[in-house]
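What follows is a set of notes on a single structure, which appears directly below.
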Amino acid sequence: MRFVDTGLEGAGQVMLQGNAATGLLFLVGIWWGAVATHSVPVAVGAALGLVVSTATGMLLNSDDASMRAGMYGFNGILVGAAIPTFLAGGAMLWVYLVLGAAASTVVFMAVANVFKTWGAPALTAPFNLVTWLLVLAAFQFLRIRTSPLAEGQFPQHVGAAAARADITVGYLWDTLFRNVSQVFLIRDTGTGIVFVIALLVASRWAAGFALIGSAVATAVVLGMGADADAIGNGLYGFSAVLTAIALGTVFYEPSWRVLVYTIFAVLVTVVVHAALLSAFAPISLPVGTAAFVIATWLFLLPKKRFVPVQHDTIRGGAAEPRQSSGSA
Amino acid sequence: MRFVDTGLEGAGQVMLQGNAATGLLFLVGIWWGAVATHSVPVAVGAALGLVVSTATGMLLNSDDASMRAGMYGFNGILVGAAIPTFLAGGAMLWVYLVLGAAASTVVFMAVANVFKTWGAPALTAPFNLVTWLLVLAAFQFLRIRTSPLAEGQFPQHVGAAAARADITVGYLWDTLFRNVSQVFLIRDTGTGIVFVIALLVASRWAAGFALIGSAVATAVVLGMGADADAIGNGLYGFSAVLTAIALGTVFYEPSWRVLVYTIFAVLVTVVVHAALLSAFAPISLPVGTAAFVIATWLFLLPKKRFVPVQHDTIRGGAAEPRQSSGSA
Amino acid sequence: MRFVDTGLEGAGQVMLQGNAATGLLFLVGIWWGAVATHSVPVAVGAALGLVVSTATGMLLNSDDASMRAGMYGFNGILVGAAIPTFLAGGAMLWVYLVLGAAASTVVFMAVANVFKTWGAPALTAPFNLVTWLLVLAAFQFLRIRTSPLAEGQFPQHVGAAAARADITVGYLWDTLFRNVSQVFLIRDTGTGIVFVIALLVASRWAAGFALIGSAVATAVVLGMGADADAIGNGLYGFSAVLTAIALGTVFYEPSWRVLVYTIFAVLVTVVVHAALLSAFAPISLPVGTAAFVIATWLFLLPKKRFVPVQHDTIRGGAAEPRQSSGSA
């Protein structure tokens, strides 16, 4: 039973909520969306990644507060969803996924130890790092196929045709919620709605800031003229959703000042995401949630110098769960 | 008035001099050179970047010694000069520049907090990081043009024709001072002379080491056979100028031993700069002053192990101004 | 005499053994292999790099325990072996090599100071960093040729023909020992055997774990279907050999639990190595021992959280030699 509870909290921690009910609803949303978009392997991978990374955490470290807060599951579940999304292959792919999920726990411990130096959390850096390594390495292994990946190319300026968006209410509605669903690599409006409900269970602030992050990111990329299909599929907003939850509600106490700071951070998140799309083009690498990690680190690390902001809520980073979002 | 003083010191800190008169002369040199080379937007961008980043520092942190030393302006002024150099666009470009200049202040605080761990300063790492993100992201945005950027390509070995330099006194004279003017992305001999005079106002050592850095770098790249046009335009020397000022006069006390160490660091700066030119070729990214940042960090971080070098002048990094270069 | 002793220990530290006899046997193996594979400049470069980097350490820091443990030689010897392997040129190449070997000592001090923060050693990160800079910079210098480097290209999936291995006893035997010889960039079975004997002189555990790392890595890449020629030449195993020695015998006390953990780290090392091959393809950069450095860091940094593992043997990192492997 404790293993199940820990695993569900791990799922919840993907959106920084150490809450088992939220985690359970996330899993429901993933299955719903995976079935709806004909990508069941993504849901299977997510479940397997969650179990393997949580079990690895238990094997390596049997008694720890981080364990109970679900710290060893949220990177593994994402590795598990990412591998069937970006790679293909038979049985070997699942061995590969298990290796990656187990490694995500070790990498989490390493990154958390390093960033503890500055009072900052590991966030989903381990997921991104492990997924990049697995995806890049796959080029060298005959038994793993990289076919879903784009061909390597030099960065190209977006064309006027690609950037022309047909902005309807339906397009905006879909984008708003797909930005949320894509946190788990699912492109499905219904899944996004389930995820927002799951956030509501843990914290109204988290649900609200998720939607603020999604809306602001969408407005910015439509204004700048980014690829309209990518925007509509939620591919420009998932990192912004995470940045908004992290800065607006988890690591700073919500306030008007924090709201302005968080919106600024969301703008930076969008720019970082677009920059990584260009930088990774030659090596066909998916960006993942790296923009969330980089922008959130940049906006957390100066914290000692911000006088008027409430710092009491910053603890040892995500490693210490907030009282208000603890498991029931 | 205090805002003006802080802004001018911020301009001076680009060459590590927290001196308002030096900063004012830098601005004069930038305007002179921008007019002379028909690139007035670079001067406008520099002024705007300086104001925005300094104001952001004030908004985020109203009472701080770093503020008064101009710490929140020197990255913003460079972002402001770089954006019109590398990108194009209408009103959106200026919005983009303002966002970048404001972000440079947050990134400065983040980088300064991290490197404080090892007693090392942030240097111009925030400028480089922010400029890279803005330039790379521009590929994904229709409303920002990347036209001045070179096409992405695999690294190519320099050709014999390109490396053939017609070394005259005029070529060497221009190179010597353009290496200095390019610190602010200006290719103008007169501007370089104004900048050296500006350094003289703050510190004779700084002016001397700037010229030593410039001369050594020029000798090395001519000896190795680098692209002669790039050398003549000052594109191989600006980071070396900064390394020489930083190590020779700011972070270590000038001495014969420090002179040798600094010249060694200048050689490494030139190699790092050339390496980044190759590494960034596929993604069309300008190198900026990253070679200065990397080489200076590498030569500052071992400091605890260097017994005979005077360490008294190393304080909390650039964040704490030297007495001798404080504002009047 | 002390200089000779220090230099030999520096050679030994490449495989984490501060033992002069081991270092001497390494030099013997390098000369043997360089002659056998018609690459004498590699052996000359290694000897020169060792002398220059050790002398630089003495000049910068005359009295230090790190000095006596050979800490300033093991990166320089590798830079010295790598430059004639990856670059070509006349007298300028040797000047370039000397600059790089001297820089490797400064970079070692910088990296060691940074990673001391988390109780982790610098490993061969300085060698990799310096070699990458020198190789990339060479594209920009007419007087250094990059001809032995592959052309830049986008990552390609390995073909079925290339991955077809003709697995004979001879192939496995060669691979097992070439994985060890390639630590010094030598492709020679006899050299690998000499190296294993050299390890035996210092520690039976080190020799055993070197062979375990080599065997595990070979089994994995053959199972995944990597390029069979590269495997047979030892190019997929040298980082795994180093990871196995470092984690299995140097930084953790050998035990069954540590054996399992080390084998897991070897799997990750192989994936990291393959990933870097893909990532570096566009810029023609050799991977070096970066996979060893990254994987070993990732598996060392979580150490405070691993309850059942013996931590007593972790000291300040490689900078502090183990009693059992001290020089005679």
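Yeah, the Cβs are placed from backbone N, Cα and C, and that goes for glycine too.
Here's what TrEMBL has on this protein:
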{"type": "TRANSMEM", "residues": "B:12-34", "note": "transmembrane segment"}
{"type": "TRANSMEM", "residues": "B:40-60", "note": "transmembrane segment"}
{"type": "TRANSMEM", "residues": "B:69-87", "note": "transmembrane segment"}
{"type": "TRANSMEM", "residues": "B:93-115", "note": "transmembrane segment"}
{"type": "TRANSMEM", "residues": "B:122-142", "note": "transmembrane segment"}
{"type": "TRANSMEM", "residues": "B:184-202", "note": "transmembrane segment"}
{"type": "TRANSMEM", "residues": "B:209-228", "note": "transmembrane segment"}
{"type": "TRANSMEM", "residues": "B:234-252", "note": "transmembrane segment"}
{"type": "TRANSMEM", "residues": "B:259-277", "note": "transmembrane segment"}
{"type": "TRANSMEM", "residues": "B:283-301", "note": "transmembrane segment"}
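Outside the transmembrane segment (B:259-277), and at least 6 residues removed from its termini, the chain residues within Cβ reach (under 8 Å) are 209, 212-213, 216-217, 220-221, 226, 236, 239-240, 243-244, 247-248, 252, 287, 290-292, 294-296, 298-299, 309. The transmembrane segment (B:122-142) and the transmembrane segment (B:283-301) are in contact, since at least 3 Cβ pairs between them lie under 8 Å (pairs 6 or more apart in sequence). Between the transmembrane segment (B:209-228) and the stretches B:12-34, B:234-252, B:283-301, Cβ pairs under 8 Å are most numerous for B:234-252. Among B:12-34, B:69-87, B:283-301, B:283-301 has the largest number of CB pairs under 8 A with the transmembrane segment (B:234-252).
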